[in-house]
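Annotation comment: TrEMBL describes 46-65, 71-90, 102-121, 127-148, 169-193, 205-224, 285-303, 435-454, 466-487 as transmembrane segment. For 500-530, the entry in TrEMBL reads region 'Disordered'. The compositional bias 'Basic and acidic residues' annotation in TrEMBL covers 500-518.
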Amino acid sequence: LNSFNSSERRMSFHSLEGRPWTRKLCGTNYPVSIAFIVVNEFCERFSYYGMKAVLTLYFIHYLNWDKDLSTAVYHAFSSLCYFTPLLGALIADSWLGKFKTIIYLSIVYVIGHVVKSVGAIPDVGDSTLHIALSMVGLVLIAFGTGGIKPCVAAFGGDQFDEENTEERTKFFSIFYMSINAGSVLSTIVTPILRGDVKCFGGDCYALAFGVPAALMVIALVVFISGSGLYKKSPPEGNVLVRVCKCIGFAIQNRWRNSKKSPKKSHWLDWAEEKYPKRLIQEIKMVFRVLVLYIPLPMFWALFDQIFDFCRFINTHTENINVTVGTDEFYAAANYGISQNISVPRGEYNGVACETNSNQYHIDLGLLDFGAFYTVVLSKKSEGLTTIKMEDIQANNIHITWQIPQYVFLTAGEVMFSITGLEFSYSQAPASMKSVLQAGWLMTVAFGNVIVLIVAEGAGMEQWAEFLLFAGLLVAVSIIFSIMAYFYTYVDPDQLDKTFREDTDDEKVKSSDSKKKETVSLTDMPKQTKM
């Protein structure tokens, strides 16, 4: 038996040597296939962030939306992009597998970009059609980019052998570097395409959206080109349904029998009567990690937080609407005060002010970085006069003093993200690796939701909002540190070995019992005919 097992292992090793996915990069332990995955990720991130870099400007200047609507749609789109990973993960782990899921959803992604680009061509239909095409395009992009997010990272991790865990960890660093490289380059290039290249008599949004669409096509072609080199794990069946049924049965069984039966070490153990121990153990692993993720959205809520503010006091006897750039201020008559609204830095001359009976133009001059302005509007016989007061002085500190802050922010974000990607992969069972990657990405989505709730619903001053987020992050960091201290790392590969050994033991026991049964039947005395 031992000689058979050793020869079987030798045969298995030699059979794997010729497989395409065993080819390594330049004598290292890195599979050749990851080069295609990293280039694909670079192009996809260029595509996504390049489109997103001009999206708000497109809403305001092309679709003529106000700033509030533009901001709301922008945040809704960003949130959708980080909620859809769960859908992509379920499709990959349960139905199509990671490879096919990436290809099919990348095609959806490309179609979304094309629809979005067509919607930015002025000669195509009217404004209603432009809005419809833009929204359809954004929804398709959200499902495309979100759906492939958890699959690409997990698929890259799948390319490594069990013993190459160190190389796999470094791969996630390289993977994240490609994300940042694509995003930085795209946010420089696409605004230039929009502003410097003129088409259809204005800013060329069609080209600014078309170039990201082309990069997504390249990403898809590159990924398909490496098809013969990938290690492709088959899907595990309908994982979500099995997990939900197992959890439901455990809760139901515990509710019915908790008083009659002995206490279980874990509430999921109540499902052992119906479901295999391996599935129960895998669900426990996923739950332990998801609980650890609960505090993390606060990091993302704080990460993307800077504005200059302005408000108006109206001493006129009529209500006044003031338009500063793309921002609308409303100040009621007789010393009404408008909302405090953030405005971009710039010179604001010829600002339109409308009353019920007349229209005026005022010069506000420079609204500078970091300042808070109050503008008093008064009616004079010749029109409106203004008194501009600088409640908080403009920033007079050189911008280079912000470099250390951004270095720390960037260092924190890089360490946080890379570790999260690798941790989500290494702590997930084979059947749920994409699902746990999606769980990690959803922390970003919930972070965006927190920002929307606080920014839109709380009605706080900006300094108080910053202070709130910073204080919450400190509290969350302490809570997370305590949770992480008590977390025990698991090895999903060890789970495979454990349950494989259990299966082998059961087979041996079954074989021994059959042999004994055969022996006992042989030893039985022959019956004598009467």
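Any Cβ shown, glycine's included, is placed from N, Cα and C.
Recorded stretches compared: 46-65, 205-224, 285-303; the one with the most Cβ pairs under 8 Å to the transmembrane segment (435-454) is 285-303. Fewer than three CB pairs closer than 8 A are found between the transmembrane segment (102-121) and the transmembrane segment (285-303), and contact between the two stretches is not assigned (pairs 6 or more residues apart). By number of Cβ pairs under 8 Å, the transmembrane segment (285-303) is matched best by 466-487 from the list 71-90, 127-148, 169-193, 205-224, 466-487. Stretch with the most C-beta contacts under 8 angstroms to the transmembrane segment (205-224), considering only 71-90, 127-148, 169-193, 466-487: 169-193.
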